[in-house]
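Annotated features in TrEMBL:
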type: COMPBIAS; residues: 638-652; note: compositional bias 'Basic and acidic residues'
type: REGION; residues: 638-668; note: region 'Disordered'
type: TRANSMEM; residues: 25-47; note: transmembrane segment
type: TRANSMEM; residues: 210-229; note: transmembrane segment
type: TRANSMEM; residues: 236-259; note: transmembrane segment
type: TRANSMEM; residues: 293-313; note: transmembrane segment
type: TRANSMEM; residues: 343-363; note: transmembrane segment
type: TRANSMEM; residues: 391-421; note: transmembrane segment
type: TRANSMEM; residues: 543-567; note: transmembrane segment
type: TRANSMEM; residues: 573-606; note: transmembrane segment
Amino acid sequence: MGCCGSSERTKREWRPLEDRSCTDLPWFLLFTVFCVGMGSICGFTIVTGGAARLVFGYDSYGNTCGQRNELIEGVRLSGLDHTDRKFVFFLDPCNIDIVQRKIKSVALCVSLCPAEELQTYQDLKRFAMVNGSELCSYELAAHKYPGLPERIDKCPKLPVPPSKPLPVFNRCTPVDVSCYAKFAEAVVTFVGDSSVLHRLIAGVAASKEIIIGLCVLALALSMILMVIIRYISAVLVWILTSLVVLGSLAGTGVLWWLYIDHRLYGNDTSPKLPKEAKEEMKAELSADSGQALLVYAVSASVFTIILLLLMLFMRKRVALTIALFHVAGKVFIHLPLLTLQPFVTFLALLLFWIYWILVLLFLGTSGNPEQNEETGLTEFRLTGPLQYLTWYHAVGLVWISEFILACQQMTVAGAVVTYYFTRDKNRLPVTPILSSVLRLVRYHLGTVAKGSFIITLVKIPRLILMYIHNQLKGRENVCARLLLKTCICCLWCLEKCLNYLNQNAYAATAINSTSFCTSARDAFVILVENALRVATINAIGDFVLFLAKILIMTSTAFAGVLLLNYQRDYTEWLLPLIIVCLFSFLVAHCFLSIFEIVVDVLFLCFAIDTKYNDGTPGKEFFMDKALMEFVESSRRLGRAAERGRSRVKEAVSEGAEMKPMAPGTSSA
């Protein structure tokens with residue numbers, strides 16, 4: 001593969017798809033080592049028993065259910081043989097610490113969960129004698145339950161609700177979850193009446209088929225819109241432009257009308273007061289109101305003039321945005337597997353997040369046993385250097401998530417670059433997406449790792465500041481709050497800019513097979529040279545895509561209203577419609593984000609194509625016919641403008657030659 005190092009060309013040349021070499025190999029090795037560290041954390045939790053304690057459960061004395069345990073020094077009732085006791089039973093399952101989000105009750109290992117309600121201590125004795133499952137503390141004999149004075153503290157709270165074991169995790173959970181009402185009210189703070197909550201949940205349960213159908217409809221609409229948006233993009237762009245211009249003109253006109261009306265007639269909107277007080281108030285407020293209206297009107301006028309000038313100078317670049325949307329629609333027709341990218345990325349992220357959460361839970365049950373001084377229960381905690389494993393694991397969440405998203409961007413960029421720089425579209429690879437994935441895995445994983453690490457360096461401080469801001473809410477002073485919010489906002493803006501630059505750097509790497517820094521520099525130079533075009537495409541293109549997302553969401557919601565119309569209790573509509581709207585917007589965002597990446601990569605390819613090619617023999621354009629028409633139209637306008645300037649210069653020069661002589665120089 002030639003991965004020992006890739007020598008950069010001393011003089012930068014854009015040679016699309018001509019040669020391939022490994023890029024940023026040290027970063028690939030660093031990322032590999034980091035991933036090995038993530039896997040080692042999982043191995044550590046399995047070896048030390050944290051995974052077993054999470055899956056099989058453990059009692060309040062450090063014994064893991066379902067297996068023989070070793071004695072823990074200083075902890076009574078530890079080291080018991082629980083081979084036959086495979087389920088965790090809580091003496092008071094409703095004793096929940098809402099702040100710490102955990103059950104504070106004593107936990108025991110039992111052989112069977114009570115399937116029926118047990119109302120008396122005699123019922124506890126009968127259940128233990130018949131089923132061999134003792135629900136009171138280990139040191140109490142089952143046949144003495146009713147007469148023991150310790151039964152109040154060491155036996156379950158009566159009545160014992162019927163319960164059944166959770167799948168996989170072997171915890172006895174009450175069948176009736178009404179005992180968690182307090183916890184539910186703390187989580188769902190907007191629901192004040194429990195009957196409303198029950199009706200909302202009942203509405204979701206009754207409409208689950210409709211919800212699934214509407215989610216499928218949102219998927220279908222998103223996929224269809226990506227193909228047909230090229231036919232409606234021109235209409236959307238010009239309608240949007242017209243509405244913005246007309247809206248700004250109308251707003252400015254209304255402000256000037258209000259100002260003139262105030263000056264001429266003195267708009268009397270003061271409250272009913274005695275005549276003397278009313279006149280004094282009018283005298284005080286009249287000057288301020290007129291001055292404020294004048295400032296508003298002048299500001300709106302300046303904004304409108306700037307907007308009109310921008311529209312005038314950027315009208316040709318609006319045509320470029322429309323052409324790029326048109327070509328992007330063609331890309332999805334030639335590369336239909338692009339529509340599967342959101343599914344693949346979401347599946348990869350979902351699998352990684354599930355793994356990450358499981359390992360995090362494993363870490364929560366790993367470490368050394370410690371006795372809680374407040375409750376007397378045994379808990380497992382990481383101490384010493386091991387406590388930093390959680391921080392390492394948290395960094396892995398951000399870096400690997402960003403790595404997966406960057407792999408999607410590189411894959412899409414590679415496929416679009418192949419499409420753009422292949423002159424004969426009939427000679428495209430059979431599966432450009434698969435070819436792009438293979439190139440990514442073989443050559444460019446180091447580049448993706450480096451780019452995602454840069455985003456991680458910005459995102460982690462922002463998340464830390466957001467956590468500090470939430471923890472100090474209500475306790476910090478105004479200056480500290482403003483400083484924190486300013487830092488969070490600046491880091492967010494920096495992250496968005498770096499994301500955009502990274503995306504173009506991946507496209508440059510896909511074109512030229514250069515390292516991340518070289519690709520980022522080259523892409524940045526191209527973007528700066530086309531700054532106005534970039535601004536137009538980002539402003540108009542992003543807003544059009546936002547309108548498309550809203551269109552998909554509202555269409556799905558409208559279909560939901562029609563399908564849910566049979567339910568006359570309109571309260572039951574709320575939660576299903578909220579779920580459908582959120583899911584449809586999320587789906588539309590995922591799919592149209594791919595469309596946005598395609599447009600950005602096409603623009604970078606177009607900018608490179610127009611910079612290094614001019615259509616002459618040997619320097620033929622690679623671009624699509626729609627973009628070629630835009631280039632030809634721009635050239636015609638340029639030639640017309642040049643002819644107009646030359647005619648003006650000729651007229652000025654002729655006027656200078658025909659200037660009459662001064663009066664004093666005529667012959668006598």
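Placed from the backbone N, Cα and C atoms, the Cβ positions cover glycine too.
The transmembrane segment (210-229) is not in contact with the transmembrane segment (391-421), judged by fewer than 3 CB-CB distances under 8 Å for residue pairs 6 or more apart in sequence.
Most Cβ pairs within less than 8 Å of the transmembrane segment (25-47), among stretches 236-259, 391-421, 543-567, 573-606, belong to 391-421.
Using a Cβ-Cβ cut-off under 8 Å and counting only residues 6 or more beyond its ends in the same chain, the transmembrane segment (573-606) has close neighbours at 16, 200-201, 203-204, 207, 210-211, 214-215, 217-219, 221-223, 225-226, 229, 320, 324-325, 327-328, 331-332, 338-339, 341-342, 345-346, 409, 412-413, 416-417, 420-421, 500, 503-504, 507-508, 511, 523, 526-527, 530, 533-534, 537, 541-542, 545, 548-549, 552-553, 556-557, 560-561, 564, 567, 622-623, 627. A contact between the transmembrane segment (343-363) and the transmembrane segment (236-259) is absent, since fewer than 3 of their C-beta pairs, 6 or more residues apart, lie under 8 Å.
Same-chain residues lying 6 or more positions outside the transmembrane segment (543-567) and placing a CB less than 8 Å from one of its CB atoms are 203, 206-207, 210, 213-214, 217-218, 221-222, 225, 229, 233, 236-237, 240, 325, 573, 576-577, 580-581, 584-585, 587-589, 592, 595-596.
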